[in-house]
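Engineer: Sharing a structure with you now.
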Amino acid sequence: RQGIGEPSVYHAVVVIFLEFFAWGLLTTPMLTVLHQTFPQHTFLMNGLIHGVKGLLSFLSAPLIGALSDVWGRKSFLLLTVFFTCAPIPLMKISPWWYFAVISMSGVFAVTFSVIFAYVADITQEHERSTAYGLVSATFAASLVTSPAIGAYLSQAYGDTLVVVLASGVALLDIGFILLAVPESLPEEMRPVSWGAPISWEQADPFASLRKVGQDSTVLLICITVFLSYLPEAGQYSSFFLYLRQVIGFSSETVAAFIGVVGILSILAQTVVLGILMRSIGNKNTILLGLGFQILQLAWYGFGSQPWMMWAAGAVAAMSSITFPAISAMVSRSTDPDQQGVVQGMITGIRGLCNGLGPALYGFVFYLFHVELNEMAEVETLGKASKPNMANPTDESSIIPGPPFLFGACSVLLSLLVALFIPEHSLALRSGSHKKHSTGAQAHPHSPPAGGSDGKEPLLEDSSV
């Protein structure tokens, strides 16, 4: 085998940590460059950039997963990490090209799909949950630490050093894959030539979505996921920009906010989730998580003071229990031979939301005239840049964050739908095809849907 040692979960952990650590470093410089590049309609352009990226990821993930099932994981790990990190050095070279390449990189921004397929190749079924948890925890750790480091270096030495450091970390990740990561797909499972056919049904991103209506319980769960995750995906794409430019957080405060909420989210998804599942049951845990999400989004929508954002952030950490609880309900209630089908449907819906949510948030900001005038180039010591909204309207003074209020209404509908989900009667027709909607689900040993995005702390895809 090429690489160091036998393939292991630790190889996957290092790849994920380095990729997201590199992007986390850029949290502060990216907010500055975004506003400088698009001084008008900043939120709208931010939403469109992340929306295009999310939709391209949704469309390409099943194809890349199906190809990796045939041609091996290592080459596709290299491909996804390289193209996902390709925009990083462009931040200082050409901001316009930087944002254009970020949008297009969505075609390959599916590292998690390949990583989970890699882990499935090398673990036994009873070990898989622990392995997926380790990968997700590593992702969380990278995004808890790196924004604070990036903010400090940016403040002390300037944004250029941060971009150079992030580019270096990305190159280190690529080098690690080339030199240290062994192929996980067994030789006998790979074809002799690269011209071998793949199942195009497996590569269809809409394949699993077409099966949603086959069972009423599955339909209710999928509607719940769509209505609750759509605002969550939009929030990830714009919230840190919103904190910095509208609420008036400094770059250091934004980094601290990310770290605190990330740590609280990890605690909520590990300690608190387990306690709630044992004490009030699976369905009630889902309803409680949705209730926290409604409160969090409403607080973001009406809040205009920094302390309100911190309080709402603590509530946001509690709302992160929703999707792991949904994934657990599906896992416990579905027949073993139908796990991949239902989990694939749910993950496919979340992938679709990753494209629709950011674009929707950007459009709502635009409709309510939440725009920014020139941002202070240099912040006075100890002071955040002041919010300076162009064309202020009565609505914007009452509701500083209209999209968050819209999201709260969407999650309220999700809560009403979730009330009708039966707790112990989930099953699909036995004739359903076990084809999945993401690269990870394209592998015969698919991970739980919550692995790649359900167990992430607040920060999913906020900068990548």
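From the backbone N, Cα and C atoms, a Cβ is placed for every residue, glycine too.
Summarising the annotation, TrEMBL assigns domain 'Major facilitator superfamily (MFS) profile' to 8-426. Per TrEMBL, the feature region 'Disordered' maps to 432-464. If you look up TrEMBL, you'll see 12-31, 43-64, 76-91, 97-119, 131-154, 160-181, 218-242, 254-277, 284-302, 308-330, 351-368, 404-421 marked as transmembrane segment.
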Engineer: Going along the chain, which residues at least six beyond the ends of the transmembrane segment (351-368) come within the CB cut-off of under 8 Å?
Structural biologist: 41, 43-58, 61, 205, 209, 226, 229-238, 393, 395-396, 399, 402-403, 406-407, 437-438, 453, 461
Engineer: Check for me, if you would, whether the transmembrane segment (218-242) reaches the transmembrane segment (404-421) - at least 3 Cβ pairs under 8 Å, residues 6 or more apart in sequence.
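Structural biologist: Contact confirmed: at least 3 Cβ pairs fall under 8 Å.
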Engineer: Between the stretches 12-31, 43-64, 404-421, which one has more Cβ pairs under 8 Å with the transmembrane segment (254-277) than any other?
Structural biologist: 12-31
Engineer: For the transmembrane segment (76-91) and the transmembrane segment (12-31), decide whether they are in contact, meaning at least 3 CB pairs lie under 8 A, counting pairs 6 or more apart in sequence.
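Structural biologist: The transmembrane segment (12-31) and the transmembrane segment (76-91): touching, yes.
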